[in-house]
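J.: Quick one: the structure is below, questions incoming.
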Amino acid sequence: FFRAQGFIIFGGGEDKIIGYCITLSFLLLQVHPWVNFESLLAKCLVGRLVGGNDFLTPTAVFSPSPAPPPSPSISSAPSLPPALSKVDWYQQASFVSVVLYLREPEIERLHLNCKCDKELWLYINGYWVGWKLACDIQWPPQVSLPNPLKVEIRLNKEGPLWNDLPACKSVVKPPPSKYSQVSVKSIQQVNYNVHTVEMSYVDKIMEFVPLGWHQTFKANIKGSPVERQYTPITGSILTQSSNCDITLMVKAYPDGVFSSWLTTRKVNDVLSAGFPVGSFSTSSLSKSSHLVMIAAGTGITPMLRLMSWTLQPSKKIAAKLLFFNKAEKDIIWKQQLSLLMSTNSRFTVEHILSDADSSWKGKRGWVTLQLLQEVLPDFSNSVPLPYFVCICGPIAFTQLTERYLNDMGYSSDHYFCFR
């Protein structure tokens, strides 16, 4: 709170207010140097005060004045590409955030690179746009989607505060390459046949992967090109931080050419990663208060980022995971899931095993209509329910679960199958 005693010596109310404003403005600049106050004040300007008579009628107090000057936001740049409706920015001592406002709530592709000296280039939905930066930035940047029409790019930096962000420059040139080289940074064993593989792009580039989308990975194995699709995950469901660009969860099959090759790579080994592909959108959950995730085995991979997104403090969605596996040793991240449930009241997980030993105290069996009815109410068009269901697993598992949901009255608007 603010101490006012020091301003009593100034006398009248008007003098006190002037003193308050001067000191508060100084404190604001000290504590919040990132505030783009010019932009905020420009939006608050109503007109110019004429004269000093407090008793003039309102029509005489304000004289017609020209429109307020435009905000210094770079959104007014004439070269703003058609995919964007506005661009803004703000900063703190250690980072600058560029905020993009989209005209359409769908991202077909979001690619960033910083190959040129102090130049940031962005390819979004078919258009290139670039900025000349005031200083070097740390790579990679952090990209988030606060809502379907807003993209925020956080650039970590060193050095003094920036006076401004130069206007963006839109150019016409071919889209970025379909594949980019990535190098292996670490491989960690999750259980007896599942590993996490962390990779980073070789060059200063980044492909933003929307939640639930997958990438194609390609390598030359024993003289032949082999490619497989994987859904990137978070490094941990307990934290969003990661020091790599891509984290995969890979199950190594004995006869799996690509999975066996990938999980035995060494640090700095190189392969190719394609741009993201998918159709899932978090806007599907806009009217839902309950998310039920039904996963089998490594079908949990798209659910990991989904549950992290759902359990953000700003969201009010309750999430339940039904996790099907063969035996207890097959359960991926069992301890992390238990810890997440104990620390977040909006998350619950239930394990169902098809071939558990005698020591297992939980549920047994496979996905059935009866089991789903214990978790989900039958859907009725007359009384819409705020439930949304996500499914991922082997093909037969996904098809059977989808059929049961249809039997319960759920349409494709209220569930999504990751395939």
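Quick reminder: no glycine exception, Cβ is built from N, Cα and C everywhere.
Pulled these from TrEMBL:
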{"type": "DOMAIN", "residues": "177-283", "note": "domain 'FAD-binding FR-type'"}
{"type": "BINDING", "residues": "Arg228, Tyr230, Lys251, Ser259, Thr301", "note": "FAD binding site"}
J.: On the Cα atoms of Arg228, Tyr230, Lys251, Ser259, Thr301, which are listed as binding FAD, what is the maximum pairwise distance in Å?
T.: 15
J.: Sorted by position, what residues of the same chain at least six away from Arg228 (FAD binding site) have a C-beta under 8 A from it?
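T.: The list for Arg228 (FAD binding site) reads Thr216, Phe217, Phe258, Ser259, given in order along the sequence.
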J.: Please report the DSSP secondary structure of Ser259 (FAD binding site), reduced to three states.
T.: helix
J.: Beyond the listed site residues Arg228, Tyr230, Lys251, Ser259, Thr301, identify every same-chain residue whose Cβ lies within 8 Å of the center of their Cβ atoms for the FAD site.
T.: Gln229, Leu248, Met249, Val250, Phe258, Leu262, Thr298
J.: What kind of secondary structure is Arg228 (FAD binding site) part of, going by DSSP in three states?
T.: strand
J.: Neighbour count, 10 Å Cβ-Cβ cut-off, for Ser259 (FAD binding site): what number do you get?
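T.: For Ser259 (FAD binding site), the 10 Å Cβ neighbour count is 21.
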J.: Taking 10 A as the limit, how many CB atoms besides its own sit near the CB of Thr301 (FAD binding site)?
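T.: Excluding its own Cβ, the number within 10 Å is 23.
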J.: Are there residues of the same chain, six or more positions away from Lys251 (FAD binding site), whose CB falls under 8 angstroms from its CB, and which are they?
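T.: Expected: Asn193, Val194, Ser259, Gly297, Thr298.
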J.: Compile a sequence-ordered list of residues in the same chain as Tyr230 (FAD binding site), six or more apart from it, whose Cβ lies below 8 A from its Cβ; state 'none' when nothing qualifies.
T.: His214, Gln215, Phe217, Leu248, Met249, Val250, Thr301
